[in-house]
Amino acid sequence: MENSLPLNLYRVKKTNLIINRLHIFTHGFALLALIYYRTTFLFQTFKIGDKNTPFLPHVLVFFSELILSFIWLLSQAFQWNPISRKVFPERLPGNDKLPSIDVFICTTNPIKEPSVDVMNTVISAMAMEYPADKLHVYLSDDGGSSVTFQAVKEAWKFSKWWIPFCRKYEVKARCPAAYFLADESEEGNGNGKFSSIEFIAEKKKIEEKYEEFKRGISKVIENTSSYTSRDHDPVIQVINDANCGLDSDETEMPLLVYVAREKRPSHPHHFKAGALNVLLRVSGLVSNSPYILVLDCDMYCNDPTSARQAMCFFLDSQVSPKLGFVQFPQRFHNISESDIYDGRLRFVWPKWEGADGVRGPLLSGTGFYIKREALYGTSNIQEDVDLVQLQKSFGPSNEFIKSLQRIYKPNAFKDGEFSGVLLKEIKFLASCTCDNLTKWGKEVGFRYFSVVEDYFTGFHLHCDGWISVYLDPARPCFLGAGTTNLNEIFVQQTRWMVGLVEVAVSRFSPLIYGPQRMSILQSMCYAELAYDPFFFLPLYCLAIIPQLCLLHGISLYPEVSNPFFIVFSFLFLSSQLKHIQEVFSTGDSIQTWAIEQRLWMLRSFTSYMYGTLNAILERIGLREASFLPTNKAVNDEQSKLYRMGIYDFQASVLLLAPLCTLYILNLVAFIVGVAKIFHIQQANEMFIQVFIPLFGLIINYPLFEGMFLRKDDGRIAPSVALLSAALCIIILSFGSLVLVY
Ligand SMILES: O=c1ccn([C@@H]2O[C@H](COP(=O)(O)OP(=O)(O)O[C@H]3O[C@H](CO)[C@@H](O)[C@H](O)[C@H]3O)[C@@H](O)[C@H]2O)c(=O)[nH]1
Ligand SMILES: [Mn+2]
């Protein structure tokens, strides 16, 4: 009877689907009308040879509208068929029937990624509610830092207290830092255990142990250099009682392995994808679990049942054969109420629900369970394939190749020790030459081609015919550290955009490479992200050209009395209302709408542009690929402003100058424009051109405050404002010359 009950269900989000499709048709129709208006207008001007209508600004504005329409069209694939899913872990078979899981956690820099937080992630993963003998946690230390190596031992010592405590009291929040911060009532499980005297005493004891653990880490940091090196041998170590100076006891603990792969300055290391591939190979010989959970070091397990939830798909025989990965959303624990930097990435996750309706969400770097087989691409390898062929794909290690077989029983690790021969093999698998001349990073494992290894690897898995599912339970399974500072957003977004443009302008462009291998809708989803960075082109045009033309009295839009005025107004309102509807449908307020509009513009003017430029420089060999990790260390001053909802403009000039320049330009245009409307009575033909800067000025009001009103440290430095004013004058004079003639 029980077997017939489904492990998971999905439901089409009907209301959203209807609203979305209505929007697609009406908005799409209005866009066609706009294109008709522009082409006939340009055609006529050209035919008559009208000397009074300057051609270039019209063409540029039309070009911007076309790019915006194109990206809009691509993004509709995410809107087509939104679905949501539910799982029933209580229907899973018994523990003895559950498959084993390897957890991969990546860290790279103990200064930017504070060890206490990284170890909290490690501990939360070890404490997951899953049979301990089926859970293996691997920590990749890309910095090869002795701080991390020592800290992970402290983490082991503390987990010996923490894990039994969590099991005994069915603690929900298994990340200790989060547990001790949370209000106890949140932790109540209704069975009275939480009020017992015994519990209170034990909790106190554990809290002391946690403080001891933190002191231990501080000591490590004091006494050890946090130097990270790009030139060192591989270090692989199982962390256990013996090497942590503890007496062994009966506590059932998951396996914990520390891995610092070999690094040499002469060898490219391919950043996180390289690190994950080393973990894939090393774990292949050590535990070889069929399923893998990947976590960034800044993202801890918030719900200990995530593995069981994921198994509701992997153990469902209807979904499973083609299922490559189960993706959970990235949610964050450090976002303030007002979320002024849009660090939550709210707008991303509804897209994933939409992608789920067209064969699956995109891989998002962290918080996903993936099939080892999907990463190896071995599902279509024949049993009798010859060794040479396999070595070409997977490298020369015979032991590793043996591990590809389903029946392989890993034997590298026995009785708490690596066997000598195999340790040598494992070190080879973690060496920087191991994947030379193989298909690692190309057709096997996480792909190297782009710094958004998650996006690009997921794309290939989908191209290979795997599907994925998106699960967004009420209690977030994972919680991360979101970016809460302008500079960090700039660094992070620029990196993402570099990665996306690398793909967009390559032979892997989802629009060319995709449709032969996946559905059109799915290719459109990938393409939308890949081409998103190009938003910077239309946005720059629309923040400069209508304004310059306004100053020169050149009208670029239909006058208010023209029927096509309605088309333009409709397009503006329809896109804003759709955005507002989306914001409301995730339970957010109109303020979120304004912030998302603002940050979208801000990102487009900066990260999208720099990202695109950097990617192009990389393509032509003038720049080397890089992966600058975000800084997760908290700065008290900055976080104070952030909590108060005040922008902190202590940021790079590269970031601020374009924003301030455009702001001043729009301010000038708006003031002059209004004066013109009143004095020369141009309201009819200039209405839209006055409205555009007005909208920009209102949405980006914090820039005005930052430049002209604020006196605190977080304001925009006067030197930056001056520089921007100078740039604005250059644009005004130079632009006028070009545009008018
Ligand atoms: O050479 C490197 C660089 C980074 N990392 C790790 O990669 C993870 C992600 O780095 P982070 O600085 O936190 O970047 P984010 O922008 O927050 O990460 C997002 O974007 C990345 C792609 O750019 C994805 O890999 C991540 O999963 C996704 O969460 C962290 O655990 C790092 O320690 C490495 O292991 N090796
Ligand atoms: Mn991160």
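Even glycines carry a Cβ here, placed using N, Cα and C.
Cross-referencing Asp50, Asp133, Asp142, Asp231 against the UDP-alpha-D-glucose binding annotation in TrEMBL, which names Lys112, Glu113, picks out Asp142. For the recorded site, Asp142 (active site), the DSSP three-state label reads coil. In the three-state DSSP scheme, Lys272 (Mn(2+) binding site) falls into the helix class. Neighbours of Glu113 (UDP-alpha-D-glucose binding site), defined as other CB atoms within 10 A of its CB across all chains, total 24.
When the recorded positions Lys112, Glu113, Lys272, Asp296, Asp454 are compared by Cα distance to Asp142 (active site), the shortest distance belongs to Lys272. Put simply, Asp454 is the one of the recorded positions Lys112, Glu113, Asp454 whose Cα lies nearest to the Cα of Lys272 (Mn(2+) binding site). Only residues 6 or more beyond the boundaries of the transmembrane segment (686-704), in the same chain, are considered here, and those with a CB under 8 A from a CB of the stretch are 542-543, 546-547, 549-550, 555-560, 565, 568, 594, 597-598, 601-602, 647, 659-660, 662-663, 666-667, 669-670, 673-674, 676-677, 716.
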